[in-house]
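Only one structure is covered here, and it is reproduced in the block below.
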Amino acid sequence: MKKPLNKLEIKNLTFKNKNDDYIILKNLNLDINSDKVLFLLGSSGQGKSSLLKTILKQTDVIEGTILFNKQDIFQLNKKEWKSFLKEVSFLNQTTTSIPFETVFTNIVRSLQDYKNLFYNIFNLVSKSQKEEITSVLKELNILDKIYHRVDSLSGGQQQRVEIAKLMMQKPKIIIADEPTNFLDPNISKNIIELIIKMAKKFNSILIIVTHNVNLIHEFDSSILLIKNQEYHFYKSNKEINSNILDQVFKND
């Protein structure tokens with residue numbers, strides 16, 4: 001039986017930074033489903049990262065709301081909010097791993113069970129968790145690096161470690177903020193393929209922020225373009241052409 005889609009609904013959203021009165025984006029209406037990746041595009045300073053922060057309640061919302069599977073995230077109590085955050089995972093442009101520790105140890109540290117005192121002191125995982133870590137690394141083609149220090153890996157391999165950590169968490173929402181910013185084109189495409197594959201596996205909503213306009217033509221996706229407090233949504237990347245992109249990134 002097919003799983004129901006996870007869904008993020010943004011309704012009439014207007015928001016600003018907490019430290020000033022500048023309105024970043026006005027009247028945003030958008031549905032994001034787990035059956036299709038959303039690429040978020042815009043030049044620097046247009047509010048892409050601020051929109052992601054709004055999902056985490058880190059900006060001031062003037063109007064509107066965000067629903068996750070029909071539940072208003074701005075109305076969640078403390079316990080419900082904590083539970084929601086466990087469903088959200090981030091992939092950044094730089095590694096969050098501890099460079100002088102091994103791939104395995106970094107993945108163990110990322111497990112939610114690591115907050116348990118037993119894991120914290122003894123750095124141990126269950127047999128099933130170890131088997132899962134091994135399986136994930138094999139799927140990402142870095143099993144041979146399991147006991148290597150993270151700082152001995154290439155940039156692409158380090159991003160695969162970050163993806164492995166996300167796979168262990170099985171998130172319902174994945175936010176990838178410029179995940180291939182420092183990687184060459186071929187590796188960038190491969191990393192995005194892995195992220196999309198992971199999102200499909202876990203039925204996750206996937207939002208990818210990128211400046212790389214070449215990537216959006218490589219994958220079946222929807223596109224949100226942001227510029228000058230306004231947005232344009234395209235249900236398919238096939239609707240995007242070079243003239244549209246030139247306008248978005250003009251003067252960037």
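Placement of Cβ uses the backbone N, Cα and C atoms for every residue, glycine included.
Going by Swiss-Prot, these are the annotated features:
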type: BINDING; residues: Gly42, Ser43, Ser44, Gly45, Gln46, Gly47, Lys48, Ser49; note: ATP binding site
type: DOMAIN; residues: 8-252; note: domain 'ABC transporter'
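The binding-site residues under consideration are Ser43, Ser44, Gln46, Ser49. Their Cβ neighbour counts within 10 Å are lowest for Ser44. For the recorded site, Lys48 (ATP binding site), the DSSP three-state label reads helix. Sequence-distant neighbours of Lys48 (ATP binding site) (same chain, 6+ apart, CB under 8 A from its CB) are Leu40, Leu41, Gly42, Asp177, Val209, Ile226.
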